[in-house]
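S.K.: Dumping the structure here so I can ask a few things about it.
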Amino acid sequence: MIIIVDFGSQTTHLIGRRIRDLGVAIEIILPQDALNQITKHKPKGIILSGGPASVYGKKALLLDKKIFNLGIPVLGICYGLEVIGHVLGGKVKSGIKKEYGSTHFYLKNDCQLFADWKSNKKDFTVWMSHFDQVVKLPKGMTGIGSTTAVRHAAFTNEKKKIYAVMFHPEVHHTQYGQDILRNFVLKICAENPIIGQKKTEEIKKFLKEKIGKEKAVCALSGGIDSSVAAYLSHQVIGKNLTCFYIDTGLMREGETAEIKNTFKNKLILPLIIVDGKKDFLKALKGVVEPEEKRKVIGETFIRIFEREAKKIRAKILIQGTIYPDV
C-alpha cells in the first residue's frame, strides 16, 4: 500500500488514480494524524501531495519530523517538496511571482527516481503550480534538477529514500510523469502490483464472512459497478442472492431487453425485472427542474426497491458503491 498525505491539492485523487493504474492500493490521509495513520497502516511508501498554502502560514499543514525517520520511502510533490524542505531544516522562500503552467525541467544528477527511462533526455516538459520554493536544501539532500525559475526543482536523500519534485508528475502535461511515479512505487518502494485474481479471492472471502447464509438483494442498473458487485456476490452465496432491475421507462430503447438477456442468459444471475414505468411517470408529472427530477427519481426508485425487497425477506443489501462515491 502507498499512503498519500493530502495537503489540499486539487490533484490528490488524481495521484491516487495514477498509483492504482500501477495495480497498487492507496490510502489517502490527512496530515494532522499522519504519523498515527502511517504507523497503523505500515505502507510501503508515502506521497505528499501539493497544496494551496505556504509552509509559513499561520495554519500551515506540516508533518511530524519522525515520519522521515521511519525508513519508509517518501515522495514530496510541489507543496510536499516544500514541507520536506521546511521540516528537515532547509529554507523555503516566497518567489517573486507564481509559476503556473508548463516549463522545462533540467535533470542534473541521476537517481533512482529518474532511472531506466525509455528516453535519455536530460530535459523535458513539466507542469508547475507554486509560489514558494526551497532556496536552501536540508542537510543530507542533493539537488537533482532545476528549471529556469527554480534552482532546487527536485532533490533527494537517496540513503533515506526521500525524494521531492516541484512539478506535478500526476498530470498528463508532465512528460514521463507516470514513469516517475512507477519508479517510486515499484522500484524504490518495491511495492508489488495487486494481482486481479488474488484481489477477487479477497473480496469473495470478505463477502462470505459478512453475508454467511443470509438472503441478500442487489439493485442492478445495468452498469459496471452494480453488475460486478452482483456477479461476485452470486459466486459466493448463489441462490441466496436476488437481483432487482427496475424498469423506469427512462432507459434507451431496447436497453431493458438487453439487460435482461445479459444477466439471465450470459451471467446467469437470479434477476427480477420490476415494471415501474407507471410509478415513475406519475411521480414526475409536472416536475420541470432537473434537480427536482433527480430527487423524485431517486425517491421513487428507493420506494419501489424497498417494496419488492420486503417480499424476499432479505437482511443484506448489496450495492456497487465504488471508491469515488465515498
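Glycine is treated like the rest: Cβ placed from N, Cα and C.
Bear in mind that the values here come from a model prediction, so they are computed numbers and not experimental data.
So TrEMBL lists the following for this protein:
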BINDING   Ser221, Gly222, Gly223, Ile224, Asp225, Ser226, Ser227  ATP binding site
DOMAIN    194-326  domain 'GMPS ATP-PPase'
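Distances, neighbours, how buried they are, the whole picture for these features please.
M.R.: DSSP assigns Ser226 (ATP binding site) to a helical segment in the three-state reduction. The C-beta environment of Ser226 (ATP binding site), restricted to residues of the same chain at least 6 apart in sequence and closer than 8 Å, consists of Cys218, Ala219, Leu220, Gln319, Gly320.
Look at the domain 'GMPS ATP-PPase' (194-326): DSSP puts its residues at 79 helix, 20 strand, 34 coil.
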S.K.: Check the binding-site residues Gly222, Gly223 for other C-beta atoms within 10 angstroms of each C-beta and report the one with the most.
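M.R.: Result of the Cβ crowding comparison: Gly222.
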S.K.: Just counting, how many other CB atoms are there within 10 A of the CB of Ile224 (ATP binding site)?
M.R.: 10
S.K.: Name the residue among the binding-site residues Ser221, Ser227 whose Cβ has the smallest number of other Cβ atoms within 10 Å.
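M.R.: Among the binding-site residues Ser221, Ser227, the sparsest Cβ neighbourhood within 10 Å belongs to Ser221.
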